[in-house]
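Report on the structure given below.
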Amino acid sequence: MTSSTDYHADSTPGTTSNMELRIREYQLEMLNESLKRNLIVVMPTGTGKTQVAILRILADIDKGNSDKFVWLLCPTVALSEQQYIQYATVFLPSGAEDKAIWDNALSGIKIAVSTYQVLYDALSHGFVKLSQMSLLIFDEAHHCKKDHVANKIMQVHYHKQHQSGVQNLPKILGLTASPILSDLSSLEIVESNLGSICKTPRQYYAQLLQFTNRPLILPRLPTYTIPNCSVKAPILEKLCGILSSEDEVPSSSKMKSKQLKHIRRFMQTSESINQELGIWAATEYMRKSIMHFKESMRMGAEKTNISNYGKDFAMEILTRLGKLQDCSPAIQPEEISPMCQCLLDELSKAYREGFCGLVFVTQRATVLALKWLIENHPLTSHLFTCGTFIGMSTTQYSKTELGNLHDIRNQTETLEKFRQGSLNLIITTDALEEGIDVPACNTVLNFNCQLSLKSFIQRRGRARRENSQFIIIMEDESGPRYLKRLEMEEIELVQKLQNAERRQIPANELDFDKYERISLSLDIDRTGAQLIMREAVGYLYNFCSKLPAQLYVSNKPLFTYERNNYGRFRAVVKLPSNLDPSLQSFSSSRSWSRLKYAREDAALQAYKALYQAGLVNDYLVPTQVSDHLEGDIIFRSHYSIQNQLDPWQDIALLWKLDSQLYAHNLRIIRPEEDEIHLHMILPTQLDTTIHIPLFIDYCTTYTAILTPGHPITTDISLCQQVTNLIFQSVYRDHCSRRNLDYAFLLVPELEETKLIEFLERYSGSVSLTELLNQEATPSALGLLRSHTRPSRPLLVEPWVAGECFLPDELSISSFDAKVKYMTNRRNFLSHGNLAAGKSTNCEARIGLEANVKSMSVRDFFVDKLPSMFAQVALFTPSISHEVEVYMIAQILRQELSLRSVTPWQRIDLLAIAIRPTSIEHRATFRLLAFIGDAFMKYLFAMQLFLHHHLWHEGLLSSLKQRNLSDAGLAHAIHQSGLGKFLISKHLNGKRWVPPLVSGIEPASNEARQRSIGAATLADMTKAVVGAAFTDGGLNQAAACASVMFPKLKSWNASSLHDGTYSKTRPENAVASTAIVDMEELLGYTFTDKSLAVESMTHPSCTGLVQTTSYRRLSFLGASVLEWIVVSYLHRHAQVMNPQRMQSLKSAFTNNTFLTFIAITFHQVREQNHIDVDDEHNVHKNVTTCSIRLWDFLRLHSDALSTELSDFVQKSSEKADAIKHELWEQRFYPWVRLRALGDMRVLSDIIQSIFGAVFIDSQATLASCDALAEKLGIVPLLEHFISHQITTDHPKDTLQAILPGRKVSYQICVDKVHPGTLRCSALADSSEIASVEGQMNDEVIKMQAAETAVRLLRKGFALSETS
């Protein structure tokens, strides 16, 4: 006979106030046992173990020990939260890392609830002591084994203190339904680890059995009449083929392993689903996984500069799959595996009214795949509403993990819906096996999972309603035999512990408006941020206020309300059209008794959607640029980067390793003199020809040409001696005859015999007397050196008759010759101060001006080495410096080529691009940086636009501006380590000495740092990208940009080509006939008509929910147009300098010029009018009308419509004058253009049209080039280039005319005519020119500057400025 006892807890801490517990005798039996010793309570699932724990807690609290508290430990976050909600005083989550926080949290409490890990960390850090606790409760105590954190608590802390004699340790209470994990032998292990003994009710065991409903166990085997699903899904088959071809590409095993990590794991999971569930499920899983992965990668592309080779490689591989086909809604029998068909059959048979079931599977991926299959299969789709559960641990895969589609944030909601009955089936892993409170089920299925005794008992325990069933789908005939063995083991366990099932009473739920208003919220687990319903309206208004502001546009949310037949309200909120159509309209989730509540609910639903779209961050404030940058990023004006790469360190190492040697032919071309031919020998190969200008004087330039190397075998010792001989001619003080291990060798010949002959012939010196007696010619003379006093060597110039006088007698004491001192210069790479010595009489000689002078023969001796080799030694610092730069460029080329399809050809451009501070190459560098800047803006704008289709233009612009700023680009270089390639060291010729292998310091693990300005680093990045474009075109530049700036992805346009972006476009935005006229005007036919509509939709159009406004397309189109202009200028780069190109770009892309284009661009069409007079005669009249682009503008602002019409009407005459100046007067009318006024909407639609055509044409620039031609931008640009028409801004021109003078402008209002302004242009406070007019400040300043320029060029106003 069953009996029970009522136990009332009156406002006891740790329990719900006035909570009534119905206590059964077997529970009291367990309570009494726990008061005697450390105990593990073993009772079946659902029989009230938690009540035993509560009784034990209350008994402990009743002792009145105010200094101690009870700690309840749970294995999972979900379970600990569940226990906290029902009974606890304080729930302690993870992450508190401050003792003060712990002390404050535990102050005055009686019960603490946490996971095992939280307590273990707190004990390990010393934040909490076991002596503070009176009772330690382990829920799901069977986990206390091996390396489980529950066992660590006992072994590391409890047992260790117990063995050391500590007395005041807490009592232990364990709770479990099955004290074993695998077999019966683990029982004693658990008891030993917890220092407790397992007990189960004995005296009241019969009563325990009365509260247990055991399900009918039904083992099932598949009938293999269904075709075997051994064929792979088409996507899987295609992906296998791509990977097979990729395996043939040579690559290092380490790199290949990194690249294939993600894609192979995904393949293994997909193959497992293909085998377990069949083709349909595998196809659906792969298709959705790939789409989710691509979208996540695009959304996160700009967040970090750290490359993930595996994910980037996976992205590139998956892009090659092309457009993925949707699964067929009609599932064919051959698309289902036999085991899965068996599962579907059993599910359909088991279904009855009030069905409530679980399906256990092995893999996380199988959970979703099976859910989709059940929801789409004709046998089950109409019977089940499915949810999924995989656990609440926050240690989940990244959002960009290929194959990870689970969102743990939705799982609490899944359990809640299951309890309410809106879901009747959950697909799960072992996460729902134990602990978490779910309603009693009437059907549980185990699908192809190997059961242990523990999992058998736990899963069967979930089916505890009356007449429930536990269906086990088995693979083969061995399954039933194994099941029998488990049942026998359970009988043995029951005999030992008298175990049975448990039952939980679900918590009561309130269902009225006030409670719902309090309970509805948006919670962010990561940050703890929470938005409750009553605050949602304020948050939504704040979000809208952060959207880009624009005239005639209200960014406030608009609420409307509906009242149903029962007097309850629903609200709809409409958000500004700057947002994506999917984010423009939201309804309240239910009807409410008060209009205020409906409004708050709609606002909350809107804010949830904005958060899911990434427009609100984890702190529930509008997303900022910083949210998409690394957390610790700080943009600075200067960055500490690695020291400049020293290629001589590698050269020195190669010399020491006796590597293959390469000879490079070196020619020095000397105008009006013989060329010098040598060989430079290096242990590495330069694979490009290097041209090195050597500036001798203002009029003379030599050219050193170093050709690609070829392998040689030669006597190194001889080569070193020859090199030493050449170097000693100039660097005698730095050259030793003992240490000859030069980093490079210079020799005139490669044959050993000729080298020996060279040494024998030219080593040493000879007296001048002896040389003159041999009647040697000056060209054969070496350097003259004085015996008597230290001085620079002398060069003997070629002479003509009469310039050298030699006496007839043999004993010569003096002679006259044309000589000069050898120059001190060692740097011939720059003009230096040569310009100051400009002369009309230029001589191509090394040294000072030669003079005829009389010299004592005895005072001099002569080097046997001809002086031309001394010239080579003089040029060597300059040549070796350029070789060093090219070697650095060659190493950088190798890094860039890893991602480039096209091999680099112009390494000379790369050598210039890495020298941002070089004066000699400044013009070319600026040209490359100019090109690279525009190209990166174009690419990044496209990437942001495509990857973040839900982001508004303000966020896109901010992120682009921040990332492509000098600091953003510099930070990328700083992180990537590519800063070592930047050349900041200039040649110091006077300190140069021949480099020795023994004197070169080896590379150190601790790289030295140097401070470089952010602008310098950014300029290098742009120039390298510009060099890539100049060398190999768009593809090479894009690949290079992705290396220099890793946030810029080489696959940034993939969503256009695989159909992903097209799925984000609105359907049926407008009938195609509505834009035919617009297409005819533009000369372009849109494939996606919604793009044409969007490009003409003003932000004032709120509530259409068809497209977003044109702001996003305008953002993209501005960069596209800029690149079109820059690429056109690049094709004419030979005829203009970078400053001129920058001026032209500004002139043809600024907003006022685009406004002018919008006003003047039109098409004249004929219209036929049929009139019928009173006599019924038909008259046909033909009239003409002008179709203009702004005629198609969609707007909802009467004020803007009126102002736009007035503006166009007033500007028509001004536009004609501007057109005349542009085409006829060959003059860029800055003043007239600016005077047109600021009608931003017109320039915006020009840019948005470029953006629309670019996207519609699949990022085809040719279509945009044609549009620029059609609009008249390219013809006008060509006109300005061919006629060399200046486009410099008047202010810039005035400042250029007056270098060093301070130019300023003074504006005052005419006192007689208050509407008139007077502006004076001043140079150092002296007036140059003044103008008057009725215009704004900016225009009148431009007019004053223009007038001043005109006067100065005509010679006026010079006296005032002199």
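Just so it is clear, glycine is given a Cβ too, placed from its N, Cα and C backbone atoms.
The annotation domain 'Helicase ATP-binding' is assigned in Swiss-Prot to 30-197 on the grounds of sequence analysis.
Residues or ranges marked as ATP binding site by Swiss-Prot: M43, P44, T45, G46, T47, G48, K49, T50.
Residues annotated as motif 'DEAH box' in Swiss-Prot: 139-142. The average pLDDT computed over the motif 'DEAH box' (139-142) stands at 88.
The domain 'Helicase C-terminal' annotation in Swiss-Prot covers 343-505.
Shown for the domain 'Dicer dsRNA-binding fold' (536-630): DSSP residue counts in helix, strand and coil, namely 35 helix, 18 strand, 42 coil. The domain 'Dicer dsRNA-binding fold' annotation in Swiss-Prot covers 536-630 and rests on sequence analysis.
Among the features that Swiss-Prot reports, domain 'RNase III 1' is placed at 889-1033.
The domain 'RNase III 2' annotation in Swiss-Prot covers 1075-1258.
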Per the Cβ filter (under 8 Å) with a sequence gap of at least 6 from its ends, the motif 'DEAH box' (139-142) is approached by 40, 53, 72-75, 79, 83, 150, 174-176, 178-181, 186, 190, 194, 434-435, 454
Using Cβ atoms only, state whether the domain 'RNase III 2' (1075-1258) and the domain 'Dicer dsRNA-binding fold' (536-630) have three or more pairs under 8 Å that are 6 or more apart in sequence.
yes
Could you give me three numbers for the motif 'DEAH box' (139-142), the DSSP helix, strand and coil residue counts?
2 helix, 1 strand, 1 coil
Can you count helix, strand and coil residues in the domain 'RNase III 1' (889-1033) using DSSP?
93 helix, 6 strand, 46 coil
As a test: from 30-197, 343-505, 536-630, pick the stretch that has the greatest number of Cβ pairs under 8 Å with the domain 'RNase III 1' (889-1033).
536-630
Return the count of C-beta atoms lying within 10 angstroms of the C-beta of G48 (ATP binding site), excluding that atom itself.
25
Taking the binding-site residues one at a time (P44, G46), which has its Cβ surrounded by the most other Cβ atoms within 10 Å?
P44
Can you tell me whether DSSP puts K49 (ATP binding site) in helix, strand or coil?
helix
On the three-state reduction of DSSP, what should I expect for M43 (ATP binding site)?
coil
Within 10 Å, the Cβ with the most other Cβ atoms among the binding-site residues T45, T47, T50 is that of T47
